[in-house]
Amino acid sequence: MRRPMVAGNWKMHGTRASVAELINGLGQLALPSGVDVAVFPPCLHINQVIDGLKGLPIQVGAQNAAVQAQQGALTGEIAPSQLVDAGCTLVLVGHSERRQIMGEQDGTLIRKFAAAQACGLIPVLCVGETLEQREAGKTLEVVGRQLGCIIEDLGVGVFAQAVIAYEPVWAIGTGLTASPQQAQDVHAAIRAQLAAENSEVAQGVRLLYGGSVKAANAVELFGMPDIDGGLIGGASLNADEFGAIIRAAGN
Ligand code: PGA
């Protein structure tokens, strides 16, 4: 059985004061024991969050990391080894905002994925199609290619120590959610693509859905057989709402 995971991507939100408030809210949640919980604060606040969540069963990850594992001359970047040193256990790789706004391409993402794993961080690989691609009937082709480039370069075995998040770009921050069946169809295709190479890896890897997940739609989404939890943006900035989503994954 795969253990569900609910992760909060705080994106570029927060001040020291608002982060302190959110930490306080997270500390008051009654967390179900069967769900892995993680948050991805802006890098600037990672130390504050790790200190503030000490003793709580909440992992902390980064939203991005450098293409090389170890510290060095790379202005403006943060090495996976530095994230490990700070206490992080996870890192997002290939979020659509980084693919689209920062222009990150497959080659860069393969290097980031490998550098993270070289330090023992668990990469959360984000994949997903745009509205235009969905309407053109290209969803599975696009997602298959985003996943396939990692498999081709690093081997399917890397997904024994990774998480995948399917996030349709048209559902991120828009209030539009993929229907549970639409999400399930893509999750099943992702698992089948992995299973074609290694069925054990395919059965073990956690596939999260992301894109306007709220407490109100989480139960239905998480009830689908290949959806193992969620990557939550906007709703993760509210501790009570995030807590309700976590509980939905525990049911
Ligand atoms: P959203 O973001 O929940 O605000 O749609 C999800 C994400 O980008 O990870």
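Cβ coordinates are placed from backbone N, Cα and C, and glycine is handled just like the others.
All annotation found in TrEMBL is predicted automatically rather than curated by experts.
The substrate binding site annotation in TrEMBL covers Asn9, Trp10, Lys11, Gly173, Ser212, Gly233, Gly234. Neighbours of Lys11 (substrate binding site), defined as other CB atoms within 10 A of its CB across all chains, total 18.
Secondary structure at His95 (active site, electrophile), as computed by DSSP, is coil. Long-range Cβ contacts of His95 (active site, electrophile) within its own chain (separation 6+, distance under 8 Å): Asn9, Gln63, Asn64, Cys126, Glu167. Sequence annotations record features per position, and here TrEMBL assigns active site, electrophile to His95.
Per TrEMBL, active site, proton acceptor is recorded for Glu167.
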For Asn9, Ser212, listed as binding-site residues, tell me which one has the smallest number of other Cβ atoms within 10 Å.
Ser212
Which number gives the other C-beta atoms within 10 angstroms of the C-beta of Gly234 (substrate binding site), all protein chains shown included?
18
Once Asn9, Trp10, Lys11, Gly173, Ser212, Gly233, Gly234 are set aside, which residues in the chain still have Cβ within 8 Å of the Cβ centroid of the substrate site?
Ile172, Ile232, Ala235, Ser236, Leu237
By a simple count, how many Cβ atoms lie within 10 Å of the Cβ of Glu167 (active site, proton acceptor), its own Cβ left out?
27
